[in-house]
Every structure is written in structure tokens, then in C-alpha cells.
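Here is what TrEMBL records for this protein:
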type	residues	note
DOMAIN	55-99	domain 'PAS'
DOMAIN	128-180	domain 'PAC'
DOMAIN	211-341	domain 'GGDEF'
DOMAIN	350-606	domain 'EAL'
Amino acid sequence: MRPSSAFNRPLLWAAMVALPACIWLPDPGLRMVAVGIVATGLWMAWRQIKRDRQHADLMQQALMLSEEGVQITDADNRILAVNPAFTRITGFTEQEVRGLNAATLAASRHDSDFFKRFWQTLHSKGRWEGEIWNRRKQGDEFPEWLRVKAVTDGRGRITHYVGTFTDISVHKAREQDLRRIGFEDPLTGLPNRRRLHDLMTSRLRHLRAGESLDMAIIDIDGFKSVNDSLGVEQGDRLLARFGQRLAHHMAGGVVGRLGGDEFLAIRTTTFDDHDKWVAGLREHLGEPFEVGSKTLRLGLSIGSCRAPEDGKESGVLFQRLESALYSAKRHGRNVSRRFRPALDVQDSPQMALVYGLRDALANGEQLELHYQTQHRVMDGAVVGMEALLRWRHPEHGMVSPGDFIPLAERHGLMGPLGNWVIDEALAQMARWREMGLPQLPVWINISAIQMFQGELEAALASSLARHGIEPAQLGLELTESVLLDERAGDIVPRLEALRAKGHRIAIDDFGMGYSSLSYLKNLPLDKLKLDRAFIRSLPDDPADAAIVSAVLAMARGLGLDVVAEGVETHGQLDFLQQAGCRLVQGYLYARPGPAEVIEAQWQALKTDSAGLMLRAEPTA
Ligand code: C2E
Ligand code: MG
Ligand code: MG
């Protein structure tokens, strides 16, 4: 579009000046010099023109090949030329759009302010870049990432605009999927814990004079026995139904699932009838549910409170709701409790467990670590192990960590318990090293309490030194809720420091619904452990299949490993393998077992030629 640079060359000008001299100069010698200058100038000009043409041809070809759509418009934004990628993306051929104003292709979703800013930036800065929605020939609207540059002539006047763009509709769809995973409980479609925090905060902020918030945590009594007797699938269905009924009853309020069988309900109100409101919830949810061929009437424990009387900040209110619920549960089934500052926490079976745990910690005899291997899908090789805490209670037998860890957290025992786990895992690794067994990384679970009490780093450092183990051999698993627990302060620098020491960091139970993609992106992480809940119904459940595929794609983009948890069947394994999941953990390969069982497994496992690689075939 610019005149060929040959015309800018001094030699060409010299040739043009020398041309008349060829004729008029009297001296033949000087005339020969002038002819020489003219000939050289013309030859240089011809060579430059040839080069320019070649260059233009190459640019043309590059445009033809480009994956990005390209459109060139004149100063009035009328389309002059487009490339094949433009046609591929929009459906419009060059003939169809040539001469059209490019604005006619824009989707209707941008307002005039948007375009005002667009042109202002383009004119003042000479370029614009961003997301913009356009229309395809078929009529549907799609998002594209557009870069536009204004091309000027020698005097700085705009002569053309060159725009290049990529279709980002696929990325957008994925982003939406992931946003959904971040804020929505996958089972019920209701807001998850993280979203509920936001919603509660927003409701608190918008509270006007004379208004209050009534809030209640509703926990289904004995839900575990429903799961055990009817099966997990029916259990899930019941939870979904329960959520729907609650949402229906609370129209205009906030309803969400906090996890497991716990739901939260919030309403803004000007009435002072908190207890009546709770009773209404109970009555409505106490109506029977039809599940499969059974009719179930559920017992409910409800903990409730009211803002601003009981607190003005969502973190405090959540804690108060939890302690109210805890108090309700301690008073037997089907009880509602409103928060009171001095909730009495003595004399309950749970307190007996707490005292028992305190003794177990003091003498260390009833506690054990079990280990579950993690496998590479490709060949079954064992790539690491997760250490899982076990409590062998003298009367109750094995108590599940799911039962006693929350108790330890509530009653100040989690710090010492976590330290016991760190030291025991490292001591075991040292024993395995002495036995000449392969040194595989062991992953331990870290509770929120360990993060915010701030002793974690010191406990790790001293145990690692005591047992002579490298930090790279000890991975840390943190659940999403740990990462988001405000009590732990800004967790990013601490995770960075742990990683700088050599520890690897995994997010446990990923997808259970706390973290958003943008939050994850900023965290120093190595691994995601995809929660069992998503694996359970693979490969048949299309929603879970989509979520698993999206998480795998996202993790790949962020450079993270993914371990699928709770893999129990070949069908699940095949799906995961096809979706590109490289690592798995689950009963299909091995159940968690005490150190001796792991050692026996190791002796029995095949080793490869290097004698290092442990393999296991998945068993049913
Ligand atoms: P997690 O960290 O997600 O551990 C995985 C859980 O899934 C373990 O349950 C494991 O036994 C179980 N599991 C593994 N494969 C399968 C499978 O194929 N099917 C099924 N149905 N389950 C499978 P476990 O040992 O009962 O532990 C439950 C949770 O307790 C752990 O979940 C973890 O959050 C917590 N926990 C366990 N040990 C510790 C610990 O030392 N510290 C802390 N803070 N938490 C721990
Ligand atoms: Mg874990
Ligand atoms: Mg997990």
C-alpha cells in the first residue's frame, strides 16, 4: 500500500538526474559516467521492485495459510479483503462481504458505548485488542479475540484498518463449564460452599435498616444409613430432591449445599419470627420423600442464627451456624438449635471420643498410618503413595478419619495429630529405605488447622531432618477448603516457600466445589486430585464425563498432573485413560493397607529390568 521503497533510493534519484546529462554533457568521458549511473540506478530499482513483489507474494500466502481470520478495511471501515480463515470462521466469502461496513457483522450484544471506546482507542493509540462478539452467516453470535491496527500514510492519516481474530467460542464454553464447577454443587446444581459465602456476604452488605437475615444449616440425620441401605445412587437422588424442595420453599432466598448432607438456607426479612421460620423449614422438609420404591421421612438437625444480632460477617456467622448445628446434634436427632454464645459442649458421646483421641495421641499406640498406592495408567507402575490416618479404638474398632478428624479439628487436637502423621510417615519412609525398598514419594493430608496454626513448616523441617528424608519425597495434599480458609491468611507465599524447599503440593478432592479457575491459576501447585464423586458414575453419566474431561483439559493447560481418586472399575479406568488422565488411585489397584501389607505387595510385584519400576495389574 506504500509506494515501492525503490523510489526512496538515492541511486534512483541520481539516475534520473543523470539521464539528461547523458545527452547534454559535452565530454564523452563524463557522458559515459552518467550512462553508468543511469544503468546502475535502473538495475537497482528493478531488483528492488522484484524483491518487493516477492515479499508481497509471500505475505499473501501467509495470509492464505493463517489460522487467524484477517480482514482489511478502508478508512471508512468498508471491507476490502478477507482471508480464507475469515470465511472458515464466519461463513462469509470475500465476495459476500467486500464493500460492506465491518460494523454490520457485529453482534447486537455490544452497546454504543462499547463501540465509542473501541474507536477512541483505535484512533488515539493506533490499535485495539480484546474480546468482541460477531455474527456468523448462519446468524449465530460468537466471541472472537480481535486485534485491530490502524494503518497510516506518510502524513499520519489513517488509510486502512487491518484486523486479525481467533474464534474463542470453544474456550468460552470451557470457561463456563469450569466456572460452573467452581461455584455450583455438581449433584444438586445449587450454589456450593464458596458461592454461599459470597452470597451471604452480599446479602449482609445489602441489608437495610429494619431488615435481618435468618439463616440455617440443615443436616439430614443418619444419611449414611440411607446410603448404606438404598445405595449411593439413590442417596444422591435423595439429596438432589431434598435440595430442590428446599429451593422451592425458599423462593427469593438463598439455598445451597455445603457438602455431604448439609444444606444452607438464608432469607432476608423484616419479621422477627426466626423460630417460626425454622419450624416451617422443618415441617416442609419433614414431609416424606419417595426414593425408588421406598417412602422416607427424614430426621433433620438444624443449627440457625440471625444477622446482624449474632454476627455481621460471613466467616463468624458460618462458625456460629456450625456450633449451633453441633449443639443440635448433641441433643439427639431431629432437633433445632439457635446459636447462643455459651453453647454447652460437655457430656456427649462425641466428647468421649475427643477424650479417647487425646489419650491415643498421648500414648500413640492406637494410631496408625495406612498407605494406598498411586498408579500410572499407561503401565500400572506405582508412582507414589498416600498416607491415610487410622484410629484403632479399643471399644469401637476402626474409627474412620472422616469421623474423628473433624472432631480433632474442633477440639484443638488437629495440630498434634497432624504432627504425629508427619513424623510417622517420615519414620516409615526411613524404615523402608533401610530395608532397601524403593524410595517412592509419600503424600500426606494437611488440615486447615495445621495451616493457620502456623506450625506446619517447623514440624516438617524438624521431622525431615530427624529422619534424613528429602522434602521432594513428601508431598502435601490440601483440600480446596484449606486453600480458601481465610484463617490461614495469604496462603500463596507459604505454598511457594514449601515448594521452594522441594515439597510437591496437590489439591485434594478437587471439584467438590470451592475453587474458581482464576484462583487456581495463581496457586503454586503440582497436582489436582479429582474427587471420587466425579469418578463414581463414569463412564455413563454425561455430566460427570464432561466435568472430568474439562478438568483434565484445564489441568493440562495449567501444567498440572491429575490423579483420579476412587477408581474402582475397568470402565472408569478406560474412560479416564481415553480422556488423557495419567494417574489413578483406587480399589481397582489397591486398597489402603498397613505398612506391612504394602511391603508384602512390593515383594510380590514385578520389577522391570532396572529393578525399580513397580507394576500392578488392576484387579476387579
Ligand atoms: P482423601 O485424602 O481424599 O483420601 C482418599 C479416601 O478415599 C480414603 O478414605 C481412601 O481410603 C478412600 N478411597 C481410596 N480409593 C477408593 C476407592 O476406590 N473407592 C472408595 N470408595 N474409596 C476409596 P479414608 O482413608 O477413609 O480417608 C478419608 C479422608 O480423611 C481423606 O480423604 C482425608 O481427607 C482425611 N484424612 C485421612 N488421613 C488424614 C490425615 O492424616 N490428615 C488429615 N488432615 N486428613 C486425613
Ligand atoms: Mg488425600
Ligand atoms: Mg481425596
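Including glycine, each Cβ sits where the backbone N, Cα and C put it.
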Study note, to complete from the structure: Long-range Cβ contacts under 8 Å made by the domain 'PAS' (55-99), restricted to residues 6 or more beyond its ends, are 105, 134-138, 142, 144, 157-167
Revision key, fill the gap. For the domain 'GGDEF' (211-341), the DSSP helix/strand/coil residue counts are 56 helix, 40 strand, 35 coil
Revision key, fill the gap. Counted with DSSP (H/G/I as helix, E/B as strand, rest coil), the domain 'PAC' (128-180) has 12 helix, 30 strand, 11 coil
